[in-house]
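Here the structure is laid out as structure tokens; the discussion comes afterwards.
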Amino acid sequence: MEREPPARSSRPHPRRGAAWLARRGAREHTALLGMLAPYLVGTAVLVALPALLSLVIAFTRYDALGAPVWVGLDNFRALGEDSLFWTAVRNSLVFVVLAVPLRVLGALALALLLQRPGRGAGFFRMAVFFPTVVPDVAYALIWLWIFNPVYGPLNLALEALGLPVSPWLAEGNTALLAIVIMAAFQIGEGFVVLLAGLQNVPEEYYQSAALDGARRWQQFRFITLPLLAPWLLLLTLRDVILSAQNTFTPAFLMTGGGPYYATLFLPLRMYQEAFDSFRFGTAAAMMLLLLLGVGLLLLLVYRVVRGWGYSDEQ
């Protein structure tokens, strides 16, 4: 009686399988690099290279008409004696201190309010996110109209309610506050991040806390806030960077740095030094100091709130 030939295994030979996986991984790696190449090249040409050139120019005297002349630390000494530079530093710090907590707390409050699905929730979520996608120039011009002291809708609404009106951008005491208010409405990205974080908190935690007699505030303090701490830290660090660097457009279009230098921020002062006075070396030195200042602020914020996080070991 003849024996039947043994059935062939459908599994590939271990060596062949390993080689096939290696080739597949190499192809995927090559495809990934190909897709990332345009972004990496653009970042290198448009971001990294100008940053390195600015770092060198910070130690030179350069007016874009002649060759740069090495001056060492003279640009930094000149900034130390420039009263407008220190005014810009003070205004930028005040803006960061006011805008960052307002933006983060506003995003958190709206995320808590709109986390439950219901009638109209999608519309209100879209309304919160919409100011984020409006171009910065258009957004600044819209608020320039809102803050108009004569026919702006904000003063008209205050007058209709019998409340005192304000010149807003036309007065030094309120101009910076007006730009802070404008920035407080661009919280769409933070709102989406915190909304996603809230929806990832297990409902069982709240149910167990409710059975133990915990009130809403206690649930928020001991469950929601610790679990959202990493997201809140991320948003705070991100908003520190944005608030320190993205003040050029509103200050340039809405106030020009005035009145009486009340809204003169560091990005606008850099622009004035570079393109009004043609002192590119001083502007580059200012950029370097801004970069170092933002780094110190990030380190300070991180050290202050690093103990707020939650881990399974706690």
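Every residue, even glycine, has its Cβ placed from backbone N, Cα and C.
Look at TrEMBL and you will find 31-59 (among others) tagged as transmembrane segment.
Look at TrEMBL and you will find 89-301 tagged as domain 'ABC transmembrane type-1'.
Note on the transmembrane segment (93-114): residues 121, 124-125, 128, 176-177, 179-180, 183-184, 186-187, 190-191, 193-195, 197-198, 220, 224, 228, 232, 235-236, 239-240, 243-244, 247, 265, 297 of its chain, located 6 or more positions outside it, place their CB under 8 angstroms from a CB of the stretch. Residues annotated as transmembrane segment in TrEMBL: 93-114 (among others).
The transmembrane segment annotation in TrEMBL covers 126-146 (among others). Long-range contacts of the transmembrane segment (126-146) within the same chain, counting only residues at least 6 positions beyond its ends with a Cβ under 8 Å from a Cβ of the stretch, are 110, 114, 152-154, 169, 178, 182, 185-189, 191-192, 246, 249-250, 253-254.
Taken from TrEMBL, the feature transmembrane segment applies to 175-198 (among others). Long-range Cβ contacts of the transmembrane segment (175-198) within its own chain (Cβ-Cβ under 8 Å, at least 6 residues beyond either end) map to 91, 94-95, 98-99, 102-104, 106-108, 110-112, 114-115, 125, 128-133, 139-140, 143, 147, 168-169, 224, 227-228, 231-232, 234-235, 238-239, 243, 247, 250-251, 254-255, 258-259, 262-263.
The transmembrane segment annotation in TrEMBL covers 219-237 (among others).
Per TrEMBL, the feature transmembrane segment maps to 249-268 (among others).
Same-chain residues lying 6+ beyond the ends of the transmembrane segment (280-302) with a Cβ under 8 Å from its Cβ atoms: 54-55, 57-64, 68, 71, 75-76, 78-79, 85, 89, 96, 233, 236-237, 240-241, 244-245, 266-267, 269-271, 273-274. The transmembrane segment annotation in TrEMBL covers 280-302 (among others).
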